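Engineer: Copying in the features that TrEMBL gives for the protein in this structure:
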{"type": "DOMAIN", "residues": "3-203", "note": "domain 'CWH43-like N-terminal'"}
{"type": "TRANSMEM", "residues": "49-70", "note": "transmembrane segment"}
{"type": "TRANSMEM", "residues": "82-102", "note": "transmembrane segment"}
{"type": "TRANSMEM", "residues": "114-139", "note": "transmembrane segment"}
{"type": "TRANSMEM", "residues": "151-170", "note": "transmembrane segment"}
{"type": "TRANSMEM", "residues": "182-204", "note": "transmembrane segment"}
Amino acid sequence: MSMPAAGVVMAFIIGYSIHASWMYDYYWGCRTVYLPSVSRLLNLPLERIMWNLLSLSSVPLQLFVVLRQYILTFSTSNKLQFLRIGLVISSVFQSLFLTLLATVGERESGDFHVAFFSGFAVSTIFNYSAFTILMRFTARDENPKYGRRRVTVLLGLMITLPTIFIAFILHNVFCVEGAYEAFAVFEYLTIILIYAFHVSNFYLFSDPSHKILICQRNGKTSAVRI
């Protein structure tokens with residue numbers, strides 16, 4: 001997920017460097033708004049090229065993250081196996097909706113853009129919830145602070161993601177004063193929380209104590225942590 005983050009940062013740098021006049025005090029939908037949302041910034045011509053290039057090129061790398069998560073949460077429990085499958089499926093949908101968000105912006109179709117964002121939000125919440133639960137029951141030696149961080153970020157996302165959707169509707173349908181600015185602020189918060197979740201799991205990829213052993217059990221190959 002570092003490449004989409006780099007794409008957002010580069011878009012902000014370009015936007016504030018050469019398109020600052022397009023960022024504030026502009027007419028959008030039904031009234032003049034005063035705060036640039038991430039959605040608007042990423043739909044500016046030059047900024048969008050940088051965002052699309054970096055976000056779309058990260059999709060193959062996300063498959064590695066999915067595989068790593070699947071192996072780390074190995075369990076013989078049928079219920080947890082169901083969650084592991086859900087983890088993989090939701091990760092695929094996350095990547096799919098992120099790709100669609102990158103290619104279909106508000107300029108092409110506001111309705112489709114909102115639909116893709118809603119799909120991304122639902123798949124993200126499910127993915128993070130599944131991973132948090134799986135790590136709770138499979139990571140026996142994990143420091144409890146990592147689990148608490150995941151839960152805190154997850155609760156934050158459960159607040160910010162629906163708020164973004166509600167604020168968007170309030171602005172575009174009812175033209176409520178300040179709704180678009182709230183939409184922009186909660187977009188920023190959501191992006192911060194998404195990357196906070198990934199940062200809280202970074203140790204899983206760098207800690208040598210989380211090694212994977214491939215072994216044979218009753219004639220079947222399985223992966224366990226050592």
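Cβ coordinates are placed from backbone N, Cα and C, and glycine is handled just like the others.
Any idea what these are sitting next to in the structure?
Structural biologist: Through the fold, the transmembrane segment (49-70) approaches residues 1-4, 6-8, 10-11, 14, 42, 84, 87-88, 91-92, 94-95, 98-99, 102-103, 131, 204-205 of its own chain, all at least 6 residues removed from its boundaries and within a Cβ separation under 8 Å.
Sequence-distant neighbours of the transmembrane segment (82-102) (same chain, 6+ residues past either end, Cβ-Cβ under 8 Å): 4, 51-52, 55-56, 59, 62-63, 65-66, 69-70, 73, 75, 112-113, 116-117, 119-120, 123-124, 126-127, 130-131, 133-134.
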Engineer: Pop the mean pLDDT for the domain 'CWH43-like N-terminal' (3-203) in here, whole number is fine.
Structural biologist: 87
